[in-house]
C-alpha cells in the first residue's frame, strides 16, 4: 500500500472526478478508517482533473499531472514520519475515506518509503453523537510496576480499548498472556487508579496525553505487589460518577500513596469526600494532589495540572474560580437545591456537579495543585470539540461552561412559550423591561443573576427608513480591536545576475493588498523594477504556486517560503523571452520496487530564455550560466571533450547519432505522448537514466553533461518527454516545466550544497522594526463596538416593510450591565486564506472602570467596575499558551496562574498584549459593606495594594482613558 508508481492505468479525468466526488461525500462512521493526504498534492490533483472547477480548459494537461501521492509536507521528521503539530484540516491536509484512498493509490501510487497516514473515526458526545477523524493519536507513557523508571511511549486511538493497551504492554514488557496482570492509571506522583474494565475505550477511561500507565504482573504465589494498596482503596470512600443513581461502585479503584516498599504503602493526601452517584461516566472523580496536605496553602491558590494542551481550560477555570459571587454559591452548596436534571437543554446537572467538586477542591486549602482530569472528561462528553488534546480557545470554553452551568442550574423547570413583540415606536424603557422580563421567564439561574446584561440593537432600512429596535441578553461582551492596516513580510529576492546570492528582505505591505504591492515595496528597497518580478511560493524544492500580480496577499500565509525572482520579458537583442520553471532532480539507483527513482533538491529556478530561438544547446548554456555560482563546470580533459562541444546530445556518454525528429511541440498541443515513466518519473527497471537516450543514438563521440533535461509536470514528479537533441529549435512556453536530472556522483562532485543555500540579509532584516503605536485604550474598543455599521451583502436584514433583505445600518448599544462583566478582546481574525492574531496592547484599568458613559439607558445606576481576573494567551492563532492573573477574594492580592504553578504577581504585570478575556466586578453597595480585604485574616497576612501601587485611589472612579 505504501509504494506506487510505474506505468499505471487510470481512467480519464471525468471518470476520476466522478468517482472521487461520490466517495468524498461519504459520511463518517464510528470505527471507519480515513486517510490524510497533503492538501497541496490534492489541490494539484483537483487542477489536473478539473475537480470543483468551472474552468475545464486545462484539464488533463501533462504539466498539471500530480505524480505519486506525496505527504512529506505533513511530517516533522521524514524518517519517523511523525506528523507536524497543529495541522489544520483542509488547509494542511484533506481527509479521504478508504475507498477513495485506494483509488488514488491505484491511479497515482505513493512516494517511495512513505506509509499511508490512516486514522480511525471516533465518536463523541453523550446525547448528540458526533463523529470525527482522530488525526492525532494519544501518546501514553507505559511502564512495568517493578521498574517505574523504564518508561516507553506508545500512541493509541481514543477508540482503542484497555484490553488493546494491555496486550501491547504485555508485548513490550515480556509478560506472558497466561500470567495474570493488572493495569493502573498513575497520575500526579502518588495516585493510582485500577483500570479493571478492559472493554472500556481510552476515551471512556479519560486517559490523557502523557498519561502514565503501569502494568502489575501477579506474583508467583498469587499475591499482588500492590495488594496492600488495593485493600486500602476498598475501604476508603471515593467520589465516583456512575452511569446511574442505582449503579454500584466504579470499576476504577482510586488509591493514593507516596511510598511503596515490599507491597506496603503510606497514604498521603488523597482527599475523598462523600460519594456523588448521580449521572456520570463510570470512573473515579477524585482530584488527588501531589504534596501532602498543608495548612499553609491559601484557599484558592490551587494550580491546575496540564493534561495535554489543556492550558486554555485551566486559564478559564482560574478566572471563574476567582469570581467571588459564583464561587461562594458553590462553596455554600446553594447549587444543590437548584440543579435542574430535567432540562432538555442542560446536562442533567453533571457539569454543575463536576464544576462544584473541582471548585471545592481548589478552595479547600489542602492542595497546591490538582489535576482536573474528570472535569475535562465530563466537558468532553457534552462538548465534543473539547474532548481531544488539541489547543482550544479559553473564551470558547468559557462560553460553553457558562451556558452549561446556566442550563444545569436553571430555576425554570418548564419554559413558557413567549411571542416576541416589535417595539413599534414604544419607549425604550418599556421595550427593554419587557425583553428582560421575558428573558427571566425562561432563564433564571445564578449565571443570569451574575453575568447577564442587555444589548440594544437598532436597524434602519436604507430604502424605506423602517427602524427596528430590539433588546437582547448577553453573557459576555466581545469587543473588536482596531485592525492592523498592514503586515510585515519576509521574502527572498533572487536577482537575475547569476553571481549574486539571493537576498532576504523585510517589507511592509497593505494587509489586504495585492501581490503587486509586495513587488512595489520590494522594488523600492532593491532598485529592481516591479514589472520584472515574479512571486512564488517554494515548497519541497518545487513551486507550489506562482502568483499573478493581481492576486491578494491574503493567499500568502505567514509560514510560506516566498521567493521573488527577477526575470526578463525581452532578451538583449530585443527578442521575446519566456520564463521557465526549472527543478533540480537527482536520479537515484532504483530499488526493486516500482516507486519513484528521482528526488527533487535545491532551490528551483525561474529562467528567462528566448522564446523563438531556443535550442537544447543554448538552453543548457543558459542554465549553466544561471547556476555557475554554486555549480562548477568539469574540465575538458575530465571527459576528453568540452561539455559544451557543439553537436553534443542530450545526456549521452557514448557515441551517438542524432535522429531525425520533428520540432518539439508543447504538450498542450497534444502531439506528444507520455513517456513510460509518466506516473512516477521512472525509467524501465534496471536501466541507467542516460540509457533511454542512448538507445536512439549511435556514431560520433559525445561529451559528458552535468545533467540532462526532462519536460515534467508542474510538480516535477512525472516525466512528460525528453527534449529533442537534434539541434532544432525547441518550442516551449510559460506553461512548460523542466527538470535538470543529475546522477548522485555528478551532484556530489560539482554541486556546492552550502553555496546553493547561501543568501545575504538586506539592511531591512538587520534593523529593528519600527514600532508603530501598538496600544489602544479599552474605551476605543467599546466605541468601535458601538459604531454604526452597514451590514454586508452576505449578512442582510429582512425588512418587514419592504418584504425583502436589505443591507441595513446597524448600531449596537449597552442598555444594562451585569455584576460580573466579562470582556472578550477579539484578538483572532481569520478567513479562508488568512489567520492572524492581533498583538495590540489594550490599556485597561485595574480599578475604577467607569462604564456609565457607554450605557444608553439614562436612568441606569452607576456602572463602576474593578478588575478581578484576566485570561492571557501567548503565541499565535491555534498554538501558544494560556495563563491567568486573578485577585484572591480573601487577601486582595494578585496571583499568576500558569497551569499547576501559582505565584504572587504585581499589578504592573497585568496589562500586556497577551490579555485576552477580562473579568470585572461591579461596585455595589453590598460590596463596600463586606469586611476590608486587608483584615480578612488570610494565612499569608496579605494586604491590599496601596494607592501608590495602584496609581488611583481605591474609591476614585476613572474614565476609561488610562493615559
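Note: Cβ is positioned from N, Cα and C throughout, glycine not excepted.
When the ranges 749-754, 755-760, 761-766, 767-772 are checked against Swiss-Prot, the one recorded as motif 'Nuclear localization signal' is 767-772. Feature region 'Necessary for interaction with RB1 and RBL2', per Swiss-Prot, maps to range 459-463 of the set 449-453, 454-458, 459-463. Among the ranges 106-114, 115-123, 124-132, 133-141, the stretch that Swiss-Prot annotates as motif 'Nuclear export signal' is 133-141. Note on Swiss-Prot: of 220-255, 328-363, the range annotated with the feature region 'Disordered' is 220-255.
The distance from the Cα of residue 445 (phosphoserine) to the Cα of residue 311 (active site, nucleophile) comes to 28 Å. Residues of the same chain lying 6 or more positions beyond the ends of the motif 'Nuclear export signal' (133-141) and with a Cβ under 8 Å from any Cβ of it are 28, 34, 36, 83, 87, 89, 93, 95, 119-122, 151-159, 165, 202, 207-213, 388-390. Nonlocal intrachain contacts for the region 'Necessary for interaction with RB1 and RBL2' (459-463), taken as residues 6+ away from its ends with a CB within less than 8 angstroms of a stretch CB, comprise 469-470, 797, 799, 801-802, 806-810. Cβ neighbour count for residue 311 (active site, nucleophile) (all protein chains, 10 Å cutoff from its Cβ): 25. Just so you know, the Cβ of residue 445 (phosphoserine) picks up 23 other Cβ atoms within 10 Å once every protein chain is counted. Over the domain 'USP' (302-923) the predicted model carries a mean pLDDT of 82.
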